[in-house]
Each structure stands twice: as C-alpha cells, then as structure tokens.
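Taken straight from TrEMBL:
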| type | residues | note |
| --- | --- | --- |
| ACT_SITE | Cys2 | active site, nucleophile |
| ACT_SITE | Lys611 | active site, for Fru-6P isomerization activity |
| DOMAIN | 2-221 | domain 'Glutamine amidotransferase type-2' |
| DOMAIN | 288-428 | domain 'SIS' |
| DOMAIN | 461-606 | domain 'SIS' |
Amino acid sequence: MCGIVGYVGPNDTVDVLINGLRRLEYRGYDSAGIAVVDEAGDLTVRKRSGKLARLEELLSESPVGEGHTGIGHTRWATHGGPTDANAHPHLGDNGKLALIHNGIVENFAELRAELEAAGVTLESETDTEVVAGILGREFARLGDLEAAFRAVVPRLHGTFTLLATHRDEPGKIVAARHHSPLVVGLGDGENFLGSDVAAFVSFTRRAVAVNEDNIAIITPDGVRVTDFAGAPVEYREFEVEWDAEAADKGGWSSFMAKEINEQPEAVANTVRGRIEGDHVVIPELEALGDDVLRGIDRIIIIACGTASYAGQVGAYAIEQWARIPVEVQLSHEFRYRDPVLSDRTMVISVSQSGETMDTLMAVKYAIERGVKTVSVCNTQSATIPRESDAAVYTHAGPEVAVASTKAFIAQITALYLIGLHLGRVRETLAPEDSAAAVAQFETLPEKVREAVETHDQIAQLAHWMADTRSVLFLGRHVGYPIALEGALKLKEIAYIHAEGFAAGELKHGPIALIDHGQPVFVLVPSPRTAPLMHSKIVSNIQEIRARGARVIAVVEKGDTSVLPYADDVIRLPLADALFEPLLQVVPLQWFALELSTAKGLDVDQPRNLAKSVTVE
Ligand code: F6R
C-alpha cells in the first residue's frame with residue numbers, strides 16, 4: 001500500500017526514481033509523484049493523479065533539472081481522493097521540504113488544527129501534508145532534518161514510513177518507520193530507500209531492513225540508522241535473492257500470466273532443500289526444538305484473502321499428518337475475539353508480502369500472549385517473518401500482479417511441508433505416508449506445468465463466457481477453499497460477481513441461485529483416492545444440472561463419470577486428493593485472467609486494490 005523510493009547518488013535521479021516507482025506500482029496506483037533537489041539547489045515536485053504513465057507524460061512536458069537527491073511515491077489513497085492535490089510528495093517549510101508517506105496518521109486532525117492556528121495554509125486533504133507542515137516548522141526551528149524528524153515522529157499516532165528531503169541539505173534523505181515497511185539499498189557512492197527491495201533491485205542487491213521505530217539517514221557515502229531518540233543502531237546487510245529480471249514482465253502480456261506460468265518453479269523452489277530421503281525436514285522449524293513442536297496442542301493459522309484460503313487448504317493436511325487441531329482465522333478478526341491461547345498454541349501466519357498490517361498486528365498479539373509464532377512468507381526480511389519465532393519462506397520469487405497466484409501455490413506447499421515435518425517429529429505420520437507425500441512433491445512441478453497448459457482451453461471458454469455476470473464455484477474438503485479462491489480471483493480482476501461454496505452446503509440455501517444457464521465450476525475430487533467425496537460431488541452436479549446450471553467440471557484425467565452432466569470438462573493430471581488443489585486452482589486463475597482481458601481490464605492492477613495492504 002503506497003510505494004516509496006528514495007535516491008542519493010551521481011546518477012540521473014529522475015530515471016532512478018521512475019524505475020523504482022515502476023517496480024513499486026503494484027503497491028498502489030491512484031497517483032504518482034517525485035521531488036528532486038537539483039544542482040541549482042532548487043526543490044522541484046512533479047505529481048499527478050492516475051497511474052505512473054501519467055506522471056511520465058507530465059515529466060516529458062515539464063522536465064525536472066538534473067539532480068542527485070530525490071524521493072518518489074506511488075499512492076493508494078487513504079485520506080482524500082486520488083487527485084493531483086492529494087498526490088505525494090507534499091511540501092513543508094515554504095516549499096523547501098518534500099515528504100512522502102506510507103500509512104495513516106490517526107491524529108492528523110489535531111495536528112492540522114495546530115498548523116492552521118499558526119497560519120499555515122494546506123492544499124490537500126491528506127494527513128501527509130499535515131506532517132510535512134509540522135516537519136517543516138521543526139526544520140525551521142532546529143535547522144537540521146534529522147533533528148526535525150526526532151522532534152516530530154514521537155508526536156505521530158498511527159502507522160507510517162516517512163521519507164523527506166530538504167533543499168538546504170542536498171545529498172541527504174531522512175526516513176522513519178513505525179508499523180510500515182522500509183528498506184535501504186546499499187550502493188557504491190549511492191544509496192537508496194524503498195518500501196521493498198523492488199524499489200532498487202535494478203541497481204543493487206545489497207539491502208538492509210530497517211527495524212521498527214528507527215530512523216535511517218542516507219547520503220551518497222553512507223547510511224546511518226538510529227532509534228527515535230537518536231541513539232545509533234547497528235544494522236545487518238542481506239543479499240536480495242532475486243534479480244531485477246525476475247521482477248520484469250519479460251515477454252508476457254501481464255505479470256499475472258507470467259506468474260501463473262512460474263508456478264511449477266514456485267513449488268519446486270519451495271520444496272528444495274527440505275526433503276531428506278522419505279522425510280521432510282525444515283531447518284527453520286528444527287531450530288524451534290522438537291520438544292516445543294511435540295508440546296503443541298493447537299494451531300491457529302492467520303491470514304487474509306488468498307493467503308487465508310491457502311491456510312484453509314493447509315489446515316486439512318496438517319491435521320491429517322500431525323494430528324493437531326488446526327483452525328484458520330482471518331487476521332483482522334483474530335484479536336478482536338479475545339482468542340483462547342496458551343503456551344501450547346502455535347500461530348502460523350501466512351503472508352506473501354510479510355507486511356499485511358492485519359496479519360502483523362495479529363502476530364504481535366499472539367507474541368504478547370506467549371504463543372509460538374511461525375511465519376510462512378514470500379518476502380525476504382519482511383516484518384512478519386522477522387517478528388516471528390520461525391520463518392518458513394516460500395520461494396516463489398517476486399509476485400508483482402496484485403492478484404496472487406504463484407505465492408498461493410507456494411503457501412500451500414509450505415504448509416504441507418510444515419504438516420509433514422510436524423507429523424514426523426510428533427510420530428503421528430506413518431513412514432509410508434511420509435514417503436507417499438514426498439513422492440507427490442517430486443512429481444508435482446511437472447503436473448502443475450500440465451495444469452498451466454490448460455490455458456488455451458480456458459481462453460476459449462472465457463471467450464464464450466465473456467458476457468457472464470455471475471459465476472459459482474463448488475468444492476468439497478480441500479476443494480472448498482479452491483472454490484473460494486476461484487471466486488475471489490474472478491471478483492478482483494474481472495469485477496464479476498462470483499461465489500464459492502462447499503458443495504454440501506448447496507441444498508441448505510445457495511441452490512436457489514441456480515437458474516437456466518448459471519455457470520458453475522465444480523472441482524471434482526479424484527475417484528481413485530477420494531471415492532466417497534467423488535460420488536457425493538457427482539450427485540451435486542446432477543442436482544444443479546437438473547436445475548439448468550451450465551456445469552464446468554474440473555476432473556482428473558480419465559474420470560468419465562461426469563461426462564453426461566457437464567457442459568465443459570477440464571482435465572488435470574492425476575494426484576492424490578490432498579495434492580489436487582495445487583492443480584485445480586490453475587485453470588481458475590486462467591479463467592479470471594482471460595475474462596478480465598476479454599473485458600479490456602488491467603489484469604495486473606485491478607481497481608481499488610493494492611498488493612500489499614499495510615493499513616488496517
Ligand atoms: C488476492 C490477494 C489478497 C492477498 C491478501 C493477503 O489475490 O492477493 O487477497 O492474499 O491481501 O496478502 P499477503 O499474502 O501479502 O498477506
């Protein structure tokens with residue numbers, strides 16, 4: 001939510017900032033803007049509502065002089081609509097200071113009143129301009145940007161990453177973080193700041209994750225980090241695992257198409273290094289100690305959106321293999337229900353970004369109550385894994401499209417690995433079951449590749465269904481969360497009403513929705529490995545078909561039982577029932593993408609959304 005980039009160094013600052021904003025645009029695209037201190041010592045701001053391309057147009061009409069210090073922002077609107085005036089950067093100290101912000105300053109009304117009482121005129125509706133005003137006044141009083149930050153940040157309530165530069169201190173950017181992400185990129189004679197490493201990965205892969213309630217000061221020659229009181233803080237450098245190419249669209253029509261195609265590797269890379277013979281061994285869990293893992297009597301998975309559906313799939317497998325009760329809770333509901341927790345509870349958070357505020361707050365709540373926390377995360381050194389007792393990274397590579405695809409598959413994979421690890425340590429998993437699951441993982445990437453190859457069939461289907469106004473998805477057991485995920489994908493990128501149901505629930509109400517021609521995707525479990533569920537779902541298909549539904553059945557190859565009742569059949573490779581979700585979701589992802597494309601929508605940047613939801 002909001003992308004932030006900062007640069008100090010010898011290169012063309014506008015180019016560096018635009019490159020960073022292009023890679024960060026998935027964090028928000030309501031407006032974009034930059035501020036540059038040029039060689040003449042002037043501070044110039046260019047900003048515009050809409051996507052980054054609109055800012056680029058503005059810059060070509062009205063270029064900015066060469067400079068070596070600059071900040072850039074891409075916005076997901078919170079305070080105030082997506083207008084030019086509300087776009088960041090905002091100015092303080094009579095236009096000499098520029099500030100960008102990710103987060104929400106909750107006490108902005110009181111600060112605004114203070115500024116207005118002092119005769120300061122504000123031009124936007126944003127909380128950010130208020131902070132720029134207050135910071136500007138402190139700079140005027142103290143004559144030092146760092147000191148001004150120290151004076152202002154303790155006064156702000158809410159969440160923020162702030163980056164500011166002042167005309168009178170060229171070659172310096174000061175940044176502070178409180179519950180919002182901030183990373184530093186370390187260069188040679190140049191340094192960078194970003195909301196995530198994508199902001200600077202084209203220029204350097206050496207990075208530092210700034211800790212909570214710290215201030216970072218960058219100049220071309222150095223980086224300093226202090227706490228809010230100004231005491232120096234040591235920092236640790238890490239190497240970004242992927243390069244700029246991994247976050248490029250390559251030749252694909254969209255990031256989402258590219259990421260759907262990368263799913264076989266996402267699975268393979270997440271499994272790699274975690275299998276020993278017929279067993280799963282996750283070094284990060286080993287570090288917690290087997291006694292701790294044996295003592296756990298309950299697991300709560302917390303996550304939001306797609307990640308929560310991965311959690312729901314994972315819960316079935318963890319219960320089956322580790323014989324621990326597992327429940328899945330939405331992060332934003334978790335702490336409000338006064339959950340019953342004990343030192344034998346384990347909370348597993350699932351988050352692609354590792355920065356989702358709702359999930360972070362839930363994890364913090366769990367930590368405060370003495371619960372062991374494990375993070376399943378795709379983003380190196382993000383806040384949630386750093387706060388947790390253990391981090392089990394998914395290795396899906398950078399996910400840029402707002403709609404999650406490869407991260408979802410990698411999250412299910414990681415949760416399954418956790419289930420197998422726990423089952424081994426707790427001796428609840430028979431060796432032959434462990435070996436069977438390991439064998440499934442060995443062939444899974446190839447099967448996911450085959451599922452990806454359903455694309456052309458799905459594209460044809462989507463073409464025929466381009467005018468569809470509502471789609472339903474049915475599944476049982478692990479197929480149920482996949483039905484929910486299929487519906488979510490369609491809603492978020494094709495803006496089509498869609499709902500997912502547990503197939504058994506249908507006759508308790510939703511079957512009333514079935515009318516002539518109503519499209520229903522049905523996820524049919526394997527008749528070989530789940531015969532009982534299979535026969536029940538075939539009955540469900542007959543029930544909806546009798547009421548006029550257009551049935552699109554997703555089956556394993558060779559299953560002919562649904563042919564008499566299905567209008568369309570999508571065939572997937574054979575897998576054990578627990579592993580079928582990793583294949584079934586793929587055609588549903590393609591379906592959403594193709595319908596979105598057919599409607600002429602922006603697949604990667606759907607309206608009103610942002611990839612990383614860093615506000616509650
Ligand atoms: C949907 C989607 C979201 C995210 C959710 C959690 O396609 O991507 O529902 O899954 O916002 O995000 P993370 O995983 O970053 O915590």
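Going from the start of the chain as shown, residues are counted 1 onward.
Note that Cβ sites are derived from N, Cα and C of the backbone, with glycine treated the same way.
Whatever TrEMBL says is automated annotation, not expert-curated.
Computed from a predicted structure; not experimentally measured.
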Cβ packing number for the residue listed as 'active site, for Fru-6P isomerization activity', 10 Å threshold: 26
Count of other CB atoms lying within 10 Å of the CB belonging to Cys2 (active site, nucleophile): 27
Euclidean distance between Cα atoms of Cys2 (active site, nucleophile) and Lys611 (active site, for Fru-6P isomerization activity), Å: 9
Helix, strand and coil totals (DSSP H, G, I; E, B; other) for the domain 'SIS' (461-606): 67 helix, 29 strand, 50 coil
Secondary structure tally of the domain 'SIS' (288-428) (DSSP, helix then strand then coil): 68 helix, 28 strand, 45 coil
DSSP-derived structure type at the residue listed as 'active site, for Fru-6P isomerization activity', helix or strand or else coil: coil
